[in-house]
Amino acid sequence: MKFLLLSALLFLHSSLAWTREKHYYIGITEAVWDYASGSEEKELISVDTEQSNFYLRNGPDRIGRKYKKALYSEYTDGTFTKTIDKPAWLGFLGPVIKAEVGDKVSVHVKNFASRPYTFHAHGVTYTKANEGAIYPDNTTDFQRADDKLFPGQQYLYVLRANEPSPGEGDSNCVTRIYHSHVDAPKDIASGLIGPLILCKKGSLHKEKEENIDQEFVLMFSVVDENLSWYLEDNIKTFCSEPEKVDKDNEDFQESNRMYSINGYTFGSLPGLSMCAEDRVKWYLFGMGNEVDVHSELFHGQALTSKNYHTDIINLFPATLIDVSMVAQNPGVWMLSCQNLNHLKAGLQAFFQVRDCNKPSPDDDIQDRHVRHYYIAAEETIWDYAPSGTDTFTGENFTSLGSDSRVFFEQGATRIGGSYKKLVYREYTDDSFTNRKERGPDEEHLGILGPVIWAEVGDIIRVTFHNKGQFPLSIQPMGVRFTKENEGTYYGPDGRSSKQASHVAPKETFTYEWTVPKEMGPTYADPVCLSKMYYSGVDLTKDIFTGLIGPMKICKKGSLLADGRQKDVDKEFYLFATVFDENESLLLDDNIRMFTTAPENVDKEDEDFQESNKMHSMNGFMYGNLPGLNMCLGESIVWYLFSAGNEADVHGIYFSGNTYLSKGERRDTANLFPHKSLTLLMTPDTEGSFDVECLTTDHYTGGMKQKYTVNQCKGQFEDVTLYQGERTYYIAAVEVEWDYSPSRDWEMELHHLQEQNVSNAFLDKEEFFIGSKYKKVVYREFTDSTFREQVKRRAEEEHLGMLGPLIHADVGAKVKVVFKNMATRPYSIHAHGVKTKSSTVAPTLPGEVRTYIWQIPERSGAGTEDSPCIPWAYYSTVDRVKDLYSGLIGPLIVCRKSYVKVFNPKKKMEFSLLFLVFDENESWYLDDNINTYPDHPEKDNKDNEEFIESNKMHAINGKMFGNLQGLTMHVGDEVNWYVMAMGNEIDLHTVHFHGHSFQYKHRGIHSSDVFDFFPGTYQTLEMFPQTPGTWLLHCHVTDHIHAGMVTTYTVLPNQETKSG
């Protein structure tokens, strides 16, 4: 390929202009790694010793805490004879590689291991000969030498740090990574990963970022040793009776998942030490699989990320984040993952803040205002749905065939919809005799405790009385507290105050927290920050028992005397979670009280456990949440927060209206464990609308409510003058869809990886459906006769299963003439738009219906958005089944002022949907079973292998390199409109090889990985500069292996071509 050779020559020529060349000598070695090294000298963090033993103790069929791994080690020079020591806290990560923009980085890699590996870097520029990743990319000869480094071989990888990374709005130095990429998930699980720090030019002084005293790199990962290349070696070496090991046994597999930070678990990570008042930079990243939903909490500290104050950092596989803090409060503090499953499994560490007598700034808390709250924890019987009916369907909760029956059926071994719980409630004084009654504005709080609010400069005093039967506490977020006021206990003694963290039954304790400036909103934040408080004795059990409440921390002078925000009409607090009543402190009480045959209850039974997982908002399900009422044109603030585990990946969708969050216009907010958000909304359409979780299991499980917008303050009119109307003729058409029409790319990939693996999703075999399915898709037609389908142009080929790309400008209307050419009712509805009615009428088979979408200002980009932003449109007759049957497409809304015509660069746009299509939920499942398997009569729709085989990990409905048409030229300006929908497993960290992209988020930021979840729509802007065929994939382990990968091609520009 001539243009690739030319590209390489251009890079060599341009290297003369680079300011500095740096050399790193890295060897790939094999060693035994101890996940709890040094734990003999110090007590591990574990609520339950049995829990830590499960992961760390070896035995006849258990490996324990030591594993053979492959590691990146740094050497002094090219002789590879002397290693360079690294900080203890780096754990098994490779050495820190640092570069400033303009640097040429030469990484000399030698493989001392027993199998082939590579070195692949994120965030830097490289040619195909320096990519270090093996996949079918049309390269040959010398460009393939980097793809696989065999034992004993050495290779020089040449990387260049250049714009746009870091972006203009990024920190001076940002987090990137490098890892081996023969089979990336297996290589990484084996240990080959390390940090790469990219810095703006001139920001490093003696290899340290200026104005930073301490810096640390942390990887949060559930390291899956079952995927390691060395699993067999580890079984033979560390199991005392290896012949007894069943590698498919679920408990054995779980025992090999190490919930770790830099390869250390249960608090054994060494060396995180700093002085009070040190300016500390944390370079953080996640890695792993669908279970890797991380919510990192730095206890006792205030963090700044992208100019926002926060105390929780959410990380997913290949999420790359940097945060800064000024260390405060001398003592030993915990750094923990607040995913409740991870917390139990050991994903914690300690960091020490020492008093080094460094001068501290003057206390900025003057004219201290003390806000005093009297809060008790008390028992109550909580009904998740007091109306007894699903307000969305009008059905009784226990109707046969209803989604709700599994949760609300009460009987011999079922609890039903009411549970004994512990809740926080507010009282008038410390006698705790007169409970404060909630007013109409607080009706919606439901199970939540009272709102604790404060302004910057305030002192919060909470007198807490425990009326329950277990030790409890109150642990706040978003405020400052001393060790004596910390509501979370973590031993050994001396690290926590037992008095504050274990308030005994019938006892009272008064907490005091402060709100210094660094804990309050920044200039970029909203006026008030959404926060939460909860009991922290046993975080999992306490929260699931019901002990959680909302907080808001506001700018000074922004609140009225009663705590309401000035210039805001209404404030609502929403807590989305799957309350796992199996983890409740009161489970046994509930079994005794509500089941009719408690002695027959098997608490380990999966069906029993599922019946106790209550998908709720503020403790209500299926539209039973009261009090979400507002007026047209009012200024509304929503405070959202969540808690839970990896199942708690929420896309909270507000139908009928949009909101602003940090300058971005959206209608769906993504929540994760312990994440909180503040959303600003001005409702402009009258009616009853949905606020619901788009995660499909949560939606069907009842995490959906109604909010009502009324005309109540005179006439509120939409004054938008809609100019121009564009008409689209779109039909729902049933087709045979092939997720993988060619297996060539997939087969060549496995050949290059020297693996012979079957494919559970595409191999038809005797009972499985294979790659072809009957589906229904949106297709565009030329006119209202619906006789001639519009043929897709070359630049639209990439849309695949998606419906047509619909464009609209702010101030215009879109008229969709929709014909249902399928065999069952469907509709077409778009996110973000304004419609005359809050309901979307179904269109019956054979019918034609016209839908009008208005595009007011609030449908377009926010002040901090890209000029054009994507929304999704889909059918809403049955939101879940319609989606999985294939009905979804992109709507792109651009600002009025956005001019595309005069840009000298060629503008390209590609729309991508990352979705695990669950064909088990398709309307056409029975048709597909009858059509495609060789023996349909033998298929069992409840068989786990059959169910798994129908989950198609696709990009625009294509798998394993089958998505075609992602072609561009060097010098093009490319907009990627990326969307995600789906279920709990649909967390997608989208990674582009070869190029970084930019995105807007209160400034221009750069990365090569972006996180997507159900209801995430984002514009990514790319300026291709390096020719080649490049990998584009989801970085989640199972999704890579399941086929959520394709390639995009960058051709040389016209000048290069002609020259």
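A Cβ is built for glycine as well, from the same backbone N, Cα and C atoms used for every other residue.
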| note | Among C631, C693, Swiss-Prot lists the disulphide partner of C712 as C631
| query | Disulfide partner of C356 per Swiss-Prot: which of C275, C337? | reply | C275
| Out of H650, H750, which does Swiss-Prot tie to the same Cu(2+) 5 site as C693, H698, M703? | H650
| task | Look at the disulfide annotations in Swiss-Prot and name the partner of C199 from this list: C173, C239. | result | C173
| field | Per Swiss-Prot, C337, H342 bind Cu(2+) 4; matching candidate in H294, H299, H444 | value | H294
| request: Round to the nearest Å and give the CA-to-CA distance linking C693 (Cu(2+) 5 binding site) with G770 (Na(+) 3 binding site). | output: 31
| query | Ranked by the number of other Cβ atoms within 10 Å of their own Cβ, which of the recorded positions C337, C631 ranks first? | reply | C337
| note | CB neighbours within 10 A of H342 (Cu(2+) 4 binding site), counting all protein chains shown, number 25
| field | Between H1033 (Cu(2+) 3 binding site) and H991 (Cu(2+) 1 binding site): CA-CA distance (Å) | value | 6
| task | Could you give me the DSSP helix, strand and coil counts for the domain 'Plastocyanin-like 2' (208-356)? | result | 25 helix, 68 strand, 56 coil
| Other CB atoms, at most 10 A from the CB of H179 (O2 binding site) | 25
| task | Using Cβ-Cβ distances, find the residues under 8 Å from C1034 (Cu(2+) 6 binding site) that belong to the same chain and are at least 6 apart in sequence, listing them in sequence order. | result | F914, H953, I955, H988, T989, V990, H991, I1040, M1044, V1045
| Top Cα neighbour of S949 (Na(+) 3 binding site) in the set of recorded positions H181, G416, C554, H1033, H1039 | H1039
| note | Cα of H1039 (Cu(2+) 6 binding site) to Cα of G64 (Na(+) 1 binding site), in Å and rounded, measures 28
| For H120 (Cu(2+) 1 binding site), the one of C173, S611, Y773, C868 that lies nearest, given that the recorded positions are compared by Cα | C173
| note | Here the 10 Å Cβ neighbour count for H1033 (Cu(2+) 3 binding site) comes out at 23
| task | Among the recorded positions C199, C693, M703, C868, point out the residue whose Cβ has the most other Cβ atoms within 10 Å, with all shown protein chains included in the count. | result | C693
